[in-house]
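Chemist: Sharing a structure here in structure tokens format.
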2 protein chains.
Amino acid sequence: MKCRKCGKTAIINLRHHNVAYCAEHFKEYFEKRVEMTIKKYSMFSRKDKILVAVSGGKDSTTVWFVLAKLGYKVSGMNIDVGTVPADVNKLKDFASSIGSELITVDSRELLEGLTVPEAAKIVKRPVCSVCGSVRRYIMNKVASENGFTVLVTGHNLDDEASFLLGNLLNWNLDYLRRQKPVLPATEEGFSKKAKPLVLLTEKETFTYAFINNLPFSEEICPYSKEATSLHYKHMLNEIELKHPGTKLRFYDGFQKANLFEDNMVVELKKCNVCGYPTTTDVCSFCRMKERLKSAVGEQKV
Amino acid sequence: MKCRKCGKTAIINLRHHNVAYCAEHFKEYFEKRVEMTIKKYSMFSRKDKILVAVSGGKDSTTVWFVLAKLGYKVSGMNIDVGTVPADVNKLKDFASSIGSELITVDSRELLEGLTVPEAAKIVKRPVCSVCGSVRRYIMNKVASENGFTVLVTGHNLDDEASFLLGNLLNWNLDYLRRQKPVLPATEEGFSKKAKPLVLLTEKETFTYAFINNLPFSEEICPYSKEATSLHYKHMLNEIELKHPGTKLRFYDGFQKANLFEDNMVVELKKCNVCGYPTTTDVCSFCRMKERLKSAVGEQKV
């Protein structure tokens, strides 16, 4: 297998594009594709102040690295929710190696001293669900308090295609409406959100991280066993093997079909307690905090 | 495992409904569910003259049998396309045993003496695609020439869910628009079409056919290897194992979401040659016939 560009031995075969590349030209392809994705979906420009959610895994490390390399103004933020703590010193070293900075937040500061799994147990919700809402809340808070104009996550095509499949199998219309590569900022205070790796597969992202020697962790969250999205990923990979390009066609076709646009109007107001955008008087995060506060209070008494 | 109704040993466990039944009560459940489906989607009444497409397989044999048993006016029609010929004498015996009649059509009569696989080779289209359009054409023709008011097929939930998955993975919007349990008759001459088994799984249909001793063939069309829908069925079965009820939720949720209604207006006229509804001056069937005619003519010369 030869590189389409230079004829050297290829290191990766992209069957969905019917092309193979050597390491050097794969890097070039990957970075161009990120740039194309940013433009295609009007994600952000070099004037924006971008905050990347950084877990220490391959996807977030890659998107952080590639945006810095492409000349975007980017900072990383790591949130310790008490499940898989990242090696913060390693992340700080990485940040300075790419000329970026790292912001760290410990979710215990906002959750009455509890980790996400502890809080989930008290409010009787799945860990993944609490983790998601805590992360969203903190990211939005840090972004709006520090003048960041865009929140970036490292979701890749495999992530998005498997969410999409799960949302279609169960017709979760609310999730389907919001499943976009970019969500605009809202008047009520939600930051703009973007996923620049959304047209790149897990395999492509992993390969890019690997050949750039990015220091990523492969530790898997012990709670992810709960996630049926892993099962959907596996299914999509099986189809992709037989019909290369299915994942991309599936995700891109969904965006083009644009079926859920009309009903997107949801009345939002500011939470009475913290000012976070919400549909109710007090946002779900503050209501959870209230429950945690009384639970922790009872334990102390 | 006990029957929910009578406490006898159950013969089938319907995990998606969280219920088990003995043979007798499963029959009752199945027939009630067909009746419910007919009413839910306003498919037809006992005044309608119904034509069932009969291949000799379990699904078409079952729907033919159950509609006759429920007191609907129903005739069977078998089309021999030259792939898996049915045992016509057996079908005729079955027809009289349920007080119905059998109409038989040989597609060679309409295809210049050619079978569907032979015709497909000449027009360079996949066999399954030609087979589908030939069957649709003949069914519609026989129905309109003989005063049938509804065309019925035996598609079950597994069929429909796997079509739906394939159509969503590839965003075949035209197919998605038409994927309904019932399609109304059109002014231009398309017959009404209905799928009364659409809320019953393959396993349920097979079990019903088996315990009623229905004489069905298990021969598989040799061309069905082409059909990726088998692969989608397999995938959905895997999900169903982990999450019972997914197929039903997926199909029913799609119907409820009703996303594709608005764009359904397509201008149809009558084919200049045969009068069949079409978007072009000459319908695709007549155009295919024209190509076959010249191909067969060339062979004779």
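A Cβ is built for glycine as well, from the same backbone N, Cα and C atoms used for every other residue.
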Chemist: Quick check on the annotation: TrEMBL has A:Ala53, A:Val54, A:Ser55, A:Asp59, A:Gly154, A:Asp159 binding ATP, so which of A:Ile38, A:Ile79 does it put in that site too?
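Modeler: Answer per TrEMBL: A:Ile79.
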Chemist: Could you give the residue numbers and ranges of same-chain residues that sit at least 6 residues beyond the domain '2-thiouridine synthetase TtuA-like N-terminal LIM' (A:2-26) on either side and whose C-beta is under 8 angstroms from one of its C-beta atoms?
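Modeler: Beyond its ends, the domain '2-thiouridine synthetase TtuA-like N-terminal LIM' (A:2-26) has Cβ neighbours at 201, 203-204, 207-208, 211, 240, 244-245, 247-248.
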Chemist: What does the structure give for the C-alpha distance between A:Cys286 (Zn(2+) 2 binding site) and A:Ile79 (ATP binding site)? Integer Å is fine.
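Modeler: So the Cα of A:Ile79 (ATP binding site) lies 18 Å away from that of A:Cys286 (Zn(2+) 2 binding site).
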Chemist: Which one is it, among the binding-site residues A:Cys3, A:Cys6, A:Cys22, A:His25, A:Cys274, that lies nearest to A:Ile79 (ATP binding site) by Cα separation?
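Modeler: Of all the candidates listed, A:Cys274 is nearest in space.
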Chemist: Provide, as an integer number of angstrom, the distance between the C-alpha atoms of A:Gly154 (ATP binding site) and A:Cys274 (Zn(2+) 2 binding site).
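Modeler: Between the Cα atoms of A:Gly154 (ATP binding site) and A:Cys274 (Zn(2+) 2 binding site), the distance comes to 28 Å.
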Chemist: Taking DSSP three-state, what's A:Ala53 (ATP binding site) in: helix, strand or coil?
Modeler: strand
Chemist: Looking at the binding-site residues A:Val54, A:Ser55, A:Asp59, whose Cα is closest in space to that of A:His25 (Zn(2+) 1 binding site)?
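Modeler: Result for A:His25 (Zn(2+) 1 binding site): the nearest of the binding-site residues is A:Asp59.
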